[in-house]
Amino acid sequence: MKFNRMTLIASPTPKAQKAAEELKKLYQWYPLEEADVIIALGGDGFMLQTLHHLLDNSFNLPVFGMNLGTVGFLMNEWRPSNLLRRLIRAKQFTVYPLRMDGQTVSGEQKIYRAINEVSMLRETRQTAHLEISVDGRIVLPELVSDGVLVATPAGSTAYNLSADGPILPFDSGMLALTPISPFRPRRWRGAIVPDGSIIDMRVVDPDKRPMSAVADQRELREIANVTITLDRTTPLHLLFDPNHALDDRIAREQFRLC
């Protein structure tokens, strides 16, 4: 695909800023409001910040990231040369964020979105007690654990994988429901549910066992209940080099030993 107006954003790290200065000398750049594609320099955390900025400001631009961070799962290899050619050959992936509708013990209501995962986490040394429902049916009357998370395929290789959750193929149409350090039920290690599911979580005894809900980096404390769905009204578009596309990375990640 061909793009005519690139805009450049970079992480504040010295490495990313140096790379940005190099690119500014090589190509013509436009303000975000006039651009048709975003070039993002940084790591996965910066990419998440960029995508959330697009969500919050209703921008619908594809993003081509180049890794100047650590892992760079959502990024392409950093190479300053042939950028326009890479954009023409790039493979586009559309990802949909999770929508978290949360209500606190005091009645405050918030809506947050997450590209990777929504996590429910205990706030104190007390283990969390949660009731979990899927599509209006109680599937776990009481989960005793440090918490639980719901991950998208794009986020299944992040916190979800660290919690021993499954890696989801990009086109699986599924979400991972993964407990964090579960105690009871002893044999429950999580579930995979269709991405059209409505997942409800209710905190049992929130006064004694308070919990927070976290949508990527956004936290809502003293949570009473949350509803999690996939928001298909706000698509996000990521661009990848053909030989390093997101679905290939997710597939390869399943066979990594370290």
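Each Cβ is built from the backbone N, Cα and C atoms, and glycine gets one as well.
Record features (Swiss-Prot):
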| type | residues | note |
| --- | --- | --- |
| BINDING | Asp44, Gly45, Asn116, Glu117, Asp146, Ala154, Thr157, Ala158, Tyr159, Asn160, Leu161, Ser162 | NAD(+) binding site |
| ACT_SITE | Asp44 | active site, proton acceptor |
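This view paints the features noted in Swiss-Prot onto the structure.
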| residue | record | Cβ within 10 Å |
| --- | --- | --- |
| Asp44 | NAD(+) binding site | 19 |
| Asn116 | NAD(+) binding site | 25 |
| Asp146 | NAD(+) binding site | 16 |
| Thr157 | NAD(+) binding site | 24 |
| Tyr159 | NAD(+) binding site | 18 |
| Leu161 | NAD(+) binding site | 18 |
Taking Asp44, Gly45, Asn116, Glu117, Asp146, Ala154, Thr157, Ala158, Tyr159, Asn160, Leu161, Ser162 as the record's NAD(+)-binding set, what's the max Cα pairwise distance in Å, rounded to a whole number? 25
According to DSSP, collapsed to three classes, what secondary structure does Asp146 (NAD(+) binding site) have? coil
